[in-house]
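Colleague: As annotated in Swiss-Prot:
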BINDING   G10, S11, G12, K13, G14, T15, R122, I131, F132, K194  ATP binding site
REGION    30-59  region 'NMP'
BINDING   T31, R36, Q57, L58, V59, G85, F86, P87, R88, Q92, R155, R166  AMP binding site
REGION    121-158  region 'LID'
BINDING   C125, C128, C145, C148  Zn(2+) binding site
Amino acid sequence: MKLVFLGPPGSGKGTIAKILSGKLNYYHISTGDLFRANISNATPLGKEIKQIVENGQLVPDSITIKIVEDKINTLANKDNFILDGFPRNINQAKALDTFLQNIQIINFLLDEAILIKRLSGRRICQSCGGIFNIYTLPTKEKGICDLCKGSLYQRKDDVEESLKIRLQEYHLQTKPLIDFYSKNNRLNNINASKDIDGVEKSLIEIISKY
């Protein structure tokens, strides 16, 4: 099944995608990971993306669509994957429909107060990319990854000033996707304020219907 995860930054999309990709053998495609890989490799697109992200802005549709479509085309199994962070707006959603069919949308619903707490507490492993949270998913040892013992860091766009910009962009561009996908009965809502096990259980129940 082809899944798209929708929801504001910090709603747990990435964490749940990583968990289910292991349990259900789905490939997890994160636009954030794709962007960071290009930045790390200092590709021409990566240099452009780096400056855009550091300014707290969203990467242009033309770049995002190309990176995602190219990645999907490299997959051996194009029927079982999770898209995390794409599409972000109607233009991207329409572009996605031109090269993918039979997509189910998972919409993560979360109270904004909980959202801010999650975002400010998020920590990421510098070595393996593992995602933790000092409030909701703390590591056994402070600042150290449970998976590989790498050091944890806080992303620049998880600090308050960048958070405000990201949430504004979400409300302006991403939320209309809910209406877009509701019209053709592809939208499945999940209460993302539950703990990780609860969200995972809800998602598996949805997947089992299709």
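Each residue, glycine too, has its Cβ placed from N, Cα and C.
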Colleague: Excluding the flanking five residues on each side, which residues at least 6 beyond the ends of the region 'LID' (121-158) place their CB within less than 8 Å of a CB in that stretch?
Modeller: 9-10, 14-15, 18, 33, 53-54, 56, 166, 195-196
Colleague: Where does R155 (AMP binding site) sit by DSSP, helix, strand or coil?
Modeller: coil
Colleague: Quick check: of the binding-site residues listed here (Q57, C145, R155), which one has the Cα closest to that of G14 (ATP binding site)?
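Modeller: Its closest listed neighbour, by Cα, is R155.
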Colleague: 10 Å Cβ neighbour count around G14 (ATP binding site)?
Modeller: 22
Colleague: Quiz question: given the binding-site residues R122, R155, which has the greatest number of C-beta atoms lying within 10 angstroms of its own C-beta?
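Modeller: When each Cβ's neighbours within 10 Å are tallied, R122 tops the list.
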Colleague: Sort G14 (ATP binding site) into helix, strand or coil using the DSSP assignment.
Modeller: helix
Colleague: Which whole-number mean pLDDT does the model give the region 'NMP' (30-59)?
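Modeller: Taking every residue in the region 'NMP' (30-59) and averaging pLDDT yields 87.
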Colleague: Non-local Cβ contacts of T31 (AMP binding site) (under 8 Å, 6 or more apart, same chain)?
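Modeller: In sequence order, the residues whose Cβ lies under 8 Å from that of T31 (AMP binding site) (at least 6 apart) are V59, T64, I67, V68, D84, G85, F86.
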Colleague: What is the number of other Cβ atoms found within 10 Å of the Cβ of C145 (Zn(2+) binding site)?
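Modeller: The Cβ of C145 (Zn(2+) binding site) has 22 Cβ neighbours within 10 Å.
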Colleague: Minimum Cβ neighbour count within 10 Å among the binding-site residues F86, F132: which residue?
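Modeller: Selected from the binding-site residues F86, F132 on minimum Cβ neighbours within 10 Å: F132.
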Colleague: Quiz question: given the binding-site residues Q57, R88, which has the greatest number of C-beta atoms lying within 10 angstroms of its own C-beta?
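Modeller: Output for this query is R88.
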